[in-house]
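Peer 1: Feature list, courtesy of Swiss-Prot:
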TRANSMEM  6-26  transmembrane segment
TRANSMEM  37-57  transmembrane segment
TRANSMEM  71-91  transmembrane segment
TRANSMEM  101-121  transmembrane segment
TRANSMEM  131-151  transmembrane segment
TRANSMEM  162-182  transmembrane segment
Amino acid sequence: MTFEQLIPLIIMAFALGMDAFSVSLGMGMMPLKLRQILYIGMTIGIFHIIMPFIGMVLGRFLSEKYGDIAHFAGAILLIGLGFYIVYSTILQNEETRTAPIGISLFVFAFGVSIDSFSVGLSLGIYGAQTIITILLFGFVSMLLAWIGLLIGRHAKDMLGTYGEIVGGIILVGFGLYILFPI
């Protein structure tokens, strides 16, 4: 692979990673420990490897029409997660709120990586080199998720409980933006 072929993949990796960054800003406003931030970022990175890989494999056999379905599903997941964060912040006390672990972490990581599935579909049809592409997507998304989570964590310290509500609203807004791009 030449450098000229690698540049568009790097740009795509950052574009997909910005989704993870934006959503992680909101998630970072939840009460998270550094260990959880590390684990969340790694999980997002792994999903950004798995999802485009599946997309690339399927993209070699399926038409592009499924990209819209993946886009819609990712938006709905983000909106649902955002409402959950707002709900848990307003209606539950501090002890009952849960950090994104277990199934909620996988739902979160799936939601922010679903766009990479549709990109993988397109790249699979195009015939891009699979290993380089998925590793690049995973690494960049993991790095940007960590940055977003850490910035969100510091913003939460400044905003308190309202920061968590703002984080949930950011997720809902981002999901709505995916559904209805301006």
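Backbone N, Cα and C atoms are what each Cβ position is placed from, and that goes for glycine too.
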Peer 1: With the transmembrane segment (6-26) as the reference, which stretch in 37-57, 101-121, 131-151, 162-182 has the largest tally of C-beta pairs below 8 Å?
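Peer 2: Of the candidates 37-57, 101-121, 131-151, 162-182, 131-151 scores highest.
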Peer 1: For the transmembrane segment (162-182), find every same-chain residue at least 6 residues outside the stretch whose CB is under 8 Å from a CB in it, and list them.
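Peer 2: Tertiary neighbours of the transmembrane segment (162-182) are 19, 22-23, 25-30, 71-72, 74-87, 89-90, 115, 152, 155-156.
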